[in-house]
Amino acid sequence: MRLLTLLGLLCGSVATPLGPKWPEPVFGRLASPGFPGEYANDQERRWTLTAPPGYRLRLYFTHFDLELSHLCEYDFVKLSSGAKVLATLCGQESTDTERAPGKDTFYSLGSSLDITFRSDYSNEKPFTGFEAFYAAEDIDECQVAPGEAPTCDHHCHNHLGGFYCSCRAGYVLHRNKRTCSALCSGQVFTQRSGELSSPEYPRPYPKLSSCTYSISLEEGFSVILDFVESFDVETHPETLCPYDFLKIQTDREEHGPFCGKTLPHRIETKSNTVTITFVTDESGDHTGWKIHYTSTAQPCPYPMAPPNGHVSPVQAKYILKDSFSIFCETGYELLQGHLPLKSFTAVCQKDGSWDRPMPACSIVDCGPPDDLPSGRVEYITGPGVTTYKAVIQYSCEETFYTMKVNDGKYVCEADGFWTSSKGEKSLPVCEPVCGLSARTTGGRIYGGQKAKPGDFPWQVLILGGTTAAGALLYDNWVLTAAHAVYEQKHDASALDIRMGTLKRLSPHYTQAWSEAVFIHEGYTHDAGFDNDIALIKLNNKVVINSNITPICLPRKEAESFMRTDDIGTASGWGLTQRGFLARNLMYVDIPIVDHQKCTAAYEKPPYPRGSVTANMLCAGLESGGKDSCRGDSGGALVFLDSETERWFVGGIVSWGSMNCGEAGQYGVYTKVINYIPWIENIISDF
């Protein structure tokens, strides 16, 4: 609230030719005649003060000294606003029956204030009268006394000289500028059940509002209305709903109007569309109504679940648009005729029939199990039984294959897949047994011996640009020397790979073809033999038998079997002492040579490129005569693991003296244990 005097002073200091025109300030001083001297007898003076519309007058006294009389009958100051007397004042201090202004401030009820001063014909003492000051100030119309109706329905905003009203969201200001009417028309309900109510329910509903609600369901439904909780709409004892009313209209009939405090009865409309109209006038304080609506329709036949199945959801009845699904017990699947279904849901139609026939729940059949390469399958539950919970047992061909990872037991599960005890759906793997040989070693050193069938079943003959050797890994990889297949690294199909034979020129052998050649990335051709190792991937897996068996890769503990003077065995069809390629597979048992001793042997001429590295190991006799030679390149230097009783590849024939078996020189082999990560990565990636 601001004093108009202050506004007047402010407006006077700023030139605003285009701005709003403020009212002239209203303020001033009033005093009794002769003030500050004593006032005379038989005096009457009247002042009428007027403020602009929207303002009121404020008046207070700075001095007041009048004759005191009973009920201020003699001398007094009377304050009036319109027809109402605000106060009659006399004396200097208030008593039980008389009032003096003291420090009170007086306000006009409107924009005018009348002040009347009167003295009677005699005063026993001299009285000095009064001095008062007045000013116009803005009326805050938004403030109302307790018990009075608010100025605005929702929000009241005071401003100088007036006020205005505004409404909350969802309401609009009525043309009377005070009432907030609800925006409640055009609401459409399309769900099969729901609730609707008067605005603000259960608080008093707004005045001067017209609400329209529509329930619109699909044809075939019938709407049912239930009034719930409470019903309170303004009524009249003699006239039917003259003020506020509720009406319900369908395409068949009209219900209502409704008003009063009694809940209307249930209304079964027999219609799929309903319009509800609610109209209020400008008065009253009533809480309104609430309706819960439902719908019904012609029911469909009650669904009976098939054997080994159940219906969901279970309802007392199913009407239009209601649906149910069929779920089969674990181990059973939905079938419509002979066609499997991922799910089944039927919907009730408006004519009371289901849109789909009932399916069957048939036991899951996993079908005949897949054949296991290098293995067999046995039906445990019963001959040819492949239905839910049936058990089969896979096993690998004995001696030459062993099952990898799981135990081979598979069960037909509810998803229709044969599944292992570890949850695997893929077939088990029959992995070739490695390191089997018909030969045993007693540790004697001897050489140039012919191999017998089954002695070196991992031996591979590689024919390409030259004759070389290799060793079978698993059933589709060959380990060899990089220099032996370097020329064919981009033409793998040019390699002729033979295995399962002892005689180099025999027509009886197992043929294999190369799919890809992998040379170690650290190998540099014609620049020494460091990293002289390669892998050949075969087009197809070979069948493992007594004559074709893979060699084992070394375990971490394998170096304990490859110390100095430990015996390894090299085999191949390389040059013999007579200078010709051997017709029969030959082998030689040779000891491991101290690494420093071997390194020193190749530091002397004529071996400018003969550098022995940590990736190599040496074997042979200091006296010579026992060695691998040209044509043996890529073959395996193998050792017997006495703990597993399996043979493993410790070295790959790489290089040596220009004259094979030369005294003081040794055969140099790629140290396979240094390349286990490289070998495993290549095999797993390809």
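The backbone N, Cα and C atoms fix where each Cβ goes, glycine too.
Because the structure is a prediction, the values reported are computed rather than measured.
Listed by Swiss-Prot as binding Ca(2+) 1 are GLU67, ASP120, SER122, ASN123; the candidate from ASP75, ASP138 that the record includes in that site is ASP75. Record source Swiss-Prot places CYS412 in a disulfide bond whose other cysteine, from CYS348, CYS361, CYS366, is CYS366. Only one of CYS361, CYS396 is recorded by Swiss-Prot as the disulfide partner of CYS430: CYS396. Across the domain 'Peptidase S1' (445-684), the prediction's mean pLDDT works out to 88. In terms of DSSP secondary structure, the domain 'Sushi 2' (364-432) contains 0 helix, 28 strand, 41 coil. Nearest by CA distance to CYS366 (disulfide bond), out of the recorded positions SER122, ASN123, SER633, is SER633.
Take the mean position of the Cβ atoms of GLU67, ASP75, ASP120, SER122, ASN123, the recorded Ca(2+) 1 site; other residues of that chain with a Cβ within 8 Å of it are ASN41, SER69, TYR74, SER119, TYR121, GLU124, PHE127.
Taking each Cβ in turn and tallying the other Cβ atoms within 10 Å, the top scorer among the recorded positions SER122, ASN123, SER633 is SER633.
Other Cβ atoms within 10 Å of the Cβ of CYS156 (disulfide bond), summed over all protein chains shown, number 18. CYS90 (disulfide bond) has GLU67 nearby among the recorded positions GLU67, CYS241, CYS618, SER633, counting only those with a Cα within 10 angstroms of its own Cα.
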